[in-house]
Ligand code: KIV
Ligand code: ZN
């Protein structure tokens, strides 16, 4: 067997993924996702863009503090202030990387940067030299590489490698590349640049034409040894190349691929679920690897084939990527130690006993309603507990919802606003609509509902419903989440969580502010 090269998996769910409108994540949510990525053996975690905001800086730093086995990276423009901020944010990391970029295509240089190519080259080199003062692990991206001129790319890449860049990323920023052309670009550059052997070449593909994974794999066939990707293909516009698709294509077609990854594929599905529940971006049922139907066989001919010999219609095994691992783990007689141990096995730890107790109370409550508790239920419980452990302005009190055939549904909802109880009645076109109207009449947030989604966490009508509510207010977009066996209650919790997040943003912007 020929020796394969290692393919570095660089996950940018927390940075490019978060740039999807509406996918913003809190620092704690980012830390939870980062821990799952580390468990999965992702090589590099791009945790954010430290200069973008104080919140981004704190998230990169928090990830750098807890992650031990993966490299933690911050993005930075090729600008002094950005690089210094990135360097500061990754300081606590065991292994930290600065990823700096500047646009190199004629259209970006002329209209966006309004800079001549020699100036762009000079700035790139200065950025790398500065970044090297913070870490030896410096990556350089030629933004819009797939529309950049070959000769200019050769010059700038040679210079930044000389200045100390150890990874050269060629982003298909606008998703314009085509597999043959984009892959060949790697081969041509690697062959033409005299010091190309001193750096790893990397892909970063956007999915505007649905070609992100194909382009990335083509680049790998032509010499790329790092792929930048995101869980569920989350990312700007049509998203980035999906990590799960890249990893499984490399593994499943090992007969063709010159590389292998270190990813522990059994964590793929749980990580996909976690990202989906935190961002509120549901995974489409026919999505490769992680969609609900990815391994479902409907046609009789296929089912017959599978029963006779599995490989007739299956090229991968569902259980290998983490499907059906939701073994029955706990029930209502389980004790605190067993519950704690199971949470720990899922990578969930609690800051103190109070946090564990809160999760345990919720577990018991759920076990009374639902006798089979799966791993996914535990993950949702924690999302719900963490979501509602902010210093909340709004808290859900009692609620009563009446639905009667031939009558409009009516909801009576009690909300505690800074501890003071108020309640209101409303009717709506459905029970959730009535509930939201009742809440709005109490809080007058004037926010706009942008997305409402309900996902059953496990199978069965007694499953926890996981609700995401996306609200927009004054340009600020937040995702509230709530979980409960009653989806109307889960919806009310998610709505109030979103209001609390808006309120927290408003309080940060205007410290004297009270509510939204
Ligand atoms: O798409 C892109 O060009 C990027 C770079 C900043 C790497 O995300
Ligand atoms: Zn990108």
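Positions of Cβ are set from backbone N, Cα and C atoms, glycine also.
Annotated in TrEMBL:
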- 16, 204, 206, 240: Mn(2+) binding site (BINDING)
- 7-269: domain 'Pyruvate carboxyltransferase' (DOMAIN)
- 395-516: region 'Regulatory domain' (REGION)
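In this structure, residue 240 (Mn(2+) binding site) is part of a beta strand by DSSP. Averaged over the domain 'Pyruvate carboxyltransferase' (7-269), the predicted model has a pLDDT of 97. Here the binding-site residues are 204, 240, and the one ringed by the most other CB atoms within 10 angstroms is 240.
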